[in-house]
Amino acid sequence: MARHGDTRSPSPVGSTHSSSRRSRRDDDRYERTKRDDGRSYRRSRSPERRYRERDRESYRRRERSIARRDDYRDEDSYRPIRRDRSRDRRRSRDRGDDRDYRRRSRERDFRCRRDDSRDRARRRADDSTDLKHKSRRDSSRDRPKDSASRSRETSKPATPAPTAVPTDEEKRAERLAKLEAWKQKQAAERERKQREAAAAGGARSLLDEIDRKSGLSPAVGSPQSPATPSTTADATPAPYAGKFDPKAIAKSAAPAQAASNVLGDDVAVPTAVKASATSTTTKVQANKPSTASKASAPLKAKGVVGRFGLGTKQAADMEKSSATKTLGFGEEESTRRKLERLPTPPLDDANDTNKPEDNAEDDDDVDMHEGDTEEQTAAAARAAAERREERLQNEASKTNGDTTMNDAPHSQEGEKMEVDAKEEEEIDPLDAFMSELVETAPPKKTTGAKFSKAKEQQPEAIFGDENDPDITAVGEGDADDFLAIANKAKKKKDIPKVDHAKMEYEPFRKKFYTEPSDLAQMSEGELASLRLELDGIKVRGVDVPKPVQKWSQCGLGVQTLDVIDRLGYENPTSIQSQAIPAIMSGRDVIGVAKTGSGKTVAFLIPMFRHIKDQRPLENMEGPIGLIMTPTRELATQIHKDCKPFLKALNLRAVCAYGGAPIKDQIAELKRGAEIVVCTPGRMIDLLAANAGRVTNLRRVTYVVLDEADRMFDMGFEPQVMKIMANVRPDRQTVLFSATFPRNMEALARKTLNKPVEIVVGGKSVVAPEITQIVEVRNEDKKFVRLLELLGNLYSSDENEDARALIFVERQEAADTLLRELMRKGYPCMSIHGGKDQIDRDSTIEDFKAGIFPVLIATSVAARGLDVKQLKLVVNYDAPNHLEDYVHRAGRTGRAGNTGTAVTFLTEDQERFSVDIAKALKQSGQKVPEPVQQMVDSFLEKVKAGKEKASASGFGGKGLERLDQERDAARMRERRTYKTGEEGEEEEEKEEKNEQAEERFNKVLSSVQSASAPSLPGVPKGIDLDGKITVHRTEKDANGAKNPLDKVGSAVADIHARLSRAGVMRSGVPIDNRGPDAGAFHATLEINDFPQKARWAVTNRTNVAKILEATGTSITTKGSFYPTGKEPGPGENPKLYILVEGETELAVTNAMRELMRLLKEGTLAAADSDARAPVGGRYNVV
């Protein structure tokens, strides 16, 4: 339907304004007769411009004379013929006998279903003229022309009937004749092209080739009319030497229109005239070089001769050639350059208004890019043209068996084009494009015309597989790498191991000590007597320095000596006199001395000298001195001892320990600190924080491990070794402790290099200044004795400011004793590991300041706590080994002061009496008679095998679960990797013993449950307070050595599976023989408990808590049976809970928690029943 503003009646030719307006608006019209044509409505090669109001007065060349716009609507010729093509072409692929049943292009089928002419208008405006000749439309199939055009092309010269439809035989003969003629022409053409290619230039050759194709089309397209004289064809090239006046062309359109109205039909062209037209066209093209690879590029005959004659047709083609010279630039490049040139098109195309047949050709050209991108079209056209040329040369004799005809009456170029169109119909453009992605394009012949962008288009194989990333499922890859990444993400506190071979460390100086002359002149005898006087110093190592006697002999700086004088240190202590010269000589040292002997100063003073010798810290550099301690209290104590020296020496120290906010410690480290006093765990946190950018160990050259034995034994060995591995290997390492068990020496030597071992006063000895009292008392009399001791201490005025420290074994005991003492009027506080770090710090500060005189503590305060006024230490609960006793007693009597240590022993603590008696003997004090009797009694039991002697040292407490887990892991590995040959006899013996034990436990538990009073609601025979029986998972019978036993077990297994008997029958052990079964299991029947109790042990929240706490597996099995009903044979057993775990301890803890929940739920159900009203809510009157 015509758009607004158009009129159906043709306007006079002279009406330029109306003509131009209608021409513009025709751009937006989609004519009804063309609705099924599958091609665009526009008839011009010129770029389309959207209709805008501002374009009305501007110049716009006419597309076509408005007077001639309805010529194709002639009732006698066009309309009846167009009706044949107006049907829906999707209904059948057989649309007529004149079609060779060729496969239809998929894109044309799709394109005809929608009116996308407006969308295609933008795309075709950007397509270069060179690409239009290689359209998809031409490469897919030969689009059927209207009936009049077919008549003109296929009719004989003497047949003027325009509507005659030729038969299939005639058409086939005609095509074969064209093919043979084209073969002859091709040989001569190829030679001429090679000669021309040598003399032709690059870009000019390309444009001339395009012009040649455009100029050739009028002569090859269709036969000429017999009424058209041959002189018209001869004169065709002449008018195109220059440009035309648009007005003159518009005037010449009037007689042409009149002739069209009179003639009313097309006229066939005689054969004689066709020859002259061909020769003329050949002369025109003689001087134009061509590209050999593009010889067959014109894929469609474009010379459809209309009622205006051949001259008009060729004029339009030549004008298009001139436009091509201006606008064609190649494939991708043309889109960008044409966008700049399009606003001012040349006026050579202005006479397109006179040529309706040219508009039909434009339709053909425009149609080539519909529904696809220009890059794909160009690639498809190139590939199709190259393959077509090779195929035509190789298979010219095989085209439908029609290659024998030689008398071709039509022009050779026309035959070539028709054959090309037919061959290209057989190749789908999509297949051609996809094949180009996989196959390498055949090498192009070198000619003057080359596409500069051809290489850049090769990476457009975006649909190919060769460049795709290797997309592999996670499960198919390396699962170990994936798990390693996941584990790495979880280990937030891991610090990377440093490769010291690749690090460049600065050299540093270790040796600062120069032996004084008076010590150098000392003989060996004098040296031995001196060491004996200094509490019997024992040294072990090579070339150990002699002990100093005065601070001036240590080689210290003036600032350090001034601080020492201010602190009141008159002479070095025994450990200081021997350790300071050894450390300042650059040696690694192991120092063992009694408590309160000044070990802290012994390693601090050499460290200050060590740090001052090196260059100052720069921004973001780590510390130089690193001091690690096992407890937070000891860390704060060492940091406090450093402060007097730090101010004088202009150094900085940071105390880093757990429990305190890490952000404050990070801020202090970022400001820079030469010394870090830390606990191992917090140091690893700081090293791993912020991807290692908080601090580093690159400048650490001096490392101190204070109380090293406790640090290694408390489980800090992995952390300590990890930190030490990141410190440079040539560091200086110092270890100090009051006790040093022999099994710790091997661990200490891992971190030291040829150390000097210094032992002062013997290992693990209580200082002689401490008065030790050991009393054997019952549990109920210990508190009264404690009150007596405290009363005696504070009764005298001289002890008014004295402090008392009371040690207990457990946190609960500390809080209980605190409550009792507060009731008796003693102001006191407690400290243990269960309190927050800030509370622990404030409590120790208050205790030192005298805010309260009595402190109750566990062994956490046994080390590093230095209070000068501490006069009394009470071991309310006896220490369990010698080293702990030494450290507890060593809290008093420090720095030469006197003190008292009182220890309470109960009669059942014979095991601890041995170590206490040994400590008394080593310190030179008498062992009380009751204590000696306990020692003798215990040793007798050890000889009789009733008791096992305890080993000295910090063995640790509460590690049974860790041991069981370690053993379980070892057994699991043994089961996984065993060959079935080892250890069978021992395991069988263990199983027999366990089975006997289980039977005994069952009998015992049944007796206990029968005698114990039962809770209301608890089923008969179930004792929630009785012993928990944990079973070891039954071993698979397949492990038996005897083959007959294996056969028998297999038969029994088969029978059990077939009959389903014994699998889920009441009273049979649970089925936990699967691969996921734990090493231990236990069952708890809950079927007969009240509903509240059953819910307490089966709801997800409670079960999740137990699982998290114990690490077991809890499964509800069986079926619920009401009270009084029993499961029959073959039925599921009663509802029960199965608990599985890797250790017996874990299963026992889980069962104990489940029993507690059952008991609470049963009691709650009984209470709710008791509170419930007797009757209902309503009464029936």
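Positions of Cβ are set from backbone N, Cα and C atoms, glycine also.
Annotated features, as they stand in Swiss-Prot:
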REGION    1-243  region 'Disordered'
COMPBIAS  24-87  compositional bias 'Basic and acidic residues'
COMPBIAS  94-155  compositional bias 'Basic and acidic residues'
COMPBIAS  168-196  compositional bias 'Basic and acidic residues'
REGION    275-423  region 'Disordered'
COMPBIAS  384-393  compositional bias 'Basic and acidic residues'
COMPBIAS  410-420  compositional bias 'Basic and acidic residues'
MOTIF     549-577  motif 'Q motif'
DOMAIN    580-758  domain 'Helicase ATP-binding'
BINDING   ALA593, LYS594, THR595, GLY596, SER597, GLY598, LYS599, THR600  ATP binding site
MOTIF     706-709  motif 'DEAD box'
DOMAIN    785-935  domain 'Helicase C-terminal'
REGION    949-998  region 'Disordered'
COMPBIAS  958-981  compositional bias 'Basic and acidic residues'
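In three-state terms derived from DSSP, ALA593 (ATP binding site) belongs to neither a helical nor a strand segment and is classed as coil. A Cβ within 8 Å of the Cβ centre of ALA593, LYS594, THR595, GLY596, SER597, GLY598, LYS599, THR600, the residues given for ATP, is found for these other residues of the same chain: THR573, ILE575, ALA738. Look at the binding-site residues LYS594, LYS599 and count other Cβ atoms within 10 Å of each Cβ; LYS599 has the fewest.
Cβ atoms under 8 Å from those of the motif 'Q motif' (549-577) belong to residues 512-514, 516, 518-519, 530, 534-535, 537, 584, 591, 593, 597-599, 601-602, 605, 608-609, 612, 644-645, 648-649, 758, 760-761 of the same chain, restricted to positions at least 6 beyond its ends.
In three-state terms derived from DSSP, THR600 (ATP binding site) belongs to a helical segment. Summarising model confidence by region, the motif 'Q motif' (549-577) averages a pLDDT of 90. The sparsest Cβ neighbourhood within 10 Å, among the listed binding-site residues (THR595, SER597, THR600), is found at THR600. Around the Cβ of GLY598 (ATP binding site), 17 further Cβ atoms fall within 10 Å across all displayed protein chains.
Summarising the environment of ALA593 (ATP binding site), the number of other Cβ atoms within 10 Å of its Cβ, over all protein chains shown, is 28. Across the compositional bias 'Basic and acidic residues' (168-196), DSSP classifies residues as 29 helix, 0 strand, 0 coil. Helix, strand and coil counts from DSSP across the motif 'DEAD box' (706-709) read 2 helix, 1 strand, 1 coil. A sphere of 10 angstroms centred on the C-beta of GLY596 (ATP binding site) encloses 21 other C-beta atoms. For the motif 'Q motif' (549-577), residue counts in helix, strand and coil come to 18 helix, 0 strand, 11 coil, using DSSP.
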